[in-house]
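So that you can see what the record holds, here are the features copied from TrEMBL:
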- 1-99: domain 'PX' (DOMAIN)
- 131-190: domain 'SH3' (DOMAIN)
- 201-260: domain 'SH3' (DOMAIN)
- 259-270: compositional bias 'Basic and acidic residues' (COMPBIAS)
- 259-392: region 'Disordered' (REGION)
- 277-295: compositional bias 'Basic residues' (COMPBIAS)
- 369-378: compositional bias 'Basic and acidic residues' (COMPBIAS)
- 379-392: compositional bias 'Basic residues' (COMPBIAS)
Amino acid sequence: MLMVKWSDLSEKLIYRTYPEIHTFHKSLKEMFPIEAGQIDKKDRIIPSLPAPRWVDTQKSTVTRQSTLADYCYALINLPPHISRCKHITTLFKVRPEDENPPAANTLRRNDTFAASRELARGNASEISSPIILDTYRVIADFTKTSKQEMELHTGDLVEIVEKNQNGWWFCQGESKRGWVPASYLEPLDGPDEGEDAEPNYEGELHVTINAYKAEQEDEISLELGDTVAVIHKLLDGWWVVRKGEETGYFPSMFLQKGGKRENYEAERTTLRGQKPPPRRSTIRNAKSIHNRSRKQLSQDAYRKNSRRYLQQKGSRLAEPHRNSKNSSKSPLSERRNQDNIPELSGSSSESELKKEAPVIPPRPSPELILERCTDNTRKKVSIHKSRTSSNS
């Protein structure tokens, strides 16, 4: 397992076998014979890499982790004509099999280390060590149903190695690791997931690569090949989609961005034997350490906000040259709504933005800030107050 960091600051978890890396190493030496020392050993700058062993032991596995870490560190610090060549970028490029939970034989790999990789532009970065992983708490017992998954018990703390958008997260505990459903985990500082995106009522077009029949009232049933608009991507793997006037939760692992038909077939093949993660609402005996529950919009709110956005969009398209004086509501005032509906830019909004100064919202009261901040911030404020009072 390698954590690859690219020049756009995106981080991807990829899976490579040691024999595959060694085969890459041999072809790299053939591409750069001078730098590999094949003409003169004094000119060698490409690092060496031992051949794979026929039999693995615990000692050889630990040694190989260190060897691969040193090799990647030296590799990405080679001159640009080598470190940024297509052969190296292909090795670290994300593949379709990296986007989904690995097969049974994949998780038998014991070589686990994290490499930081900066490609395509700029200078190569160093291997990032150590990487601080997010810690989450388990809210209910989870029984694994395959070798790739990991058993969970209420109150356990696990570290997140990868957050896959299909709702299955790769975690590690004290002596175990595996894939677990994100719905069984909660952040330590609050019930809400800080990385959840805001709703996008314009929608992003996706095609279903697998049929699904709704099991809950707030879910939506779709057939294979249906085109829908994704309006809210949630980290638990259940996205809110819109088809016509209907909205509902749908497994993200059954969705694929619009593209070629061959891509749909490839994604369908990788889905064999996989199942969507359970939803939080279906978990029994969930025990959270937080007093308040997660913020969640109802499907009525999603439909209402979608309808309002589409109406606004239709009116803007119907009257593109509308005078700003005749509009009943300015974009600045419309932005003050509490439904998080994005605004559409147009000629009238541009002229109005030039005339009106932006409205500065009032500063929230200290009581409101303390009520909505994290526990960590609240503790720091209380310590600061106690120090101030003691100094006075």
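Think of each number as a place in line: the chain as shown, counted from 1.
The backbone N, Cα and C atoms fix where each Cβ goes, glycine too.
Confidence across the domain 'PX' (1-99), taken as the mean pLDDT and rounded to a whole number, stands at 82. Each residue in the domain 'PX' (1-99) gets a DSSP state, and the totals come to 50 helix, 8 strand, 41 coil.
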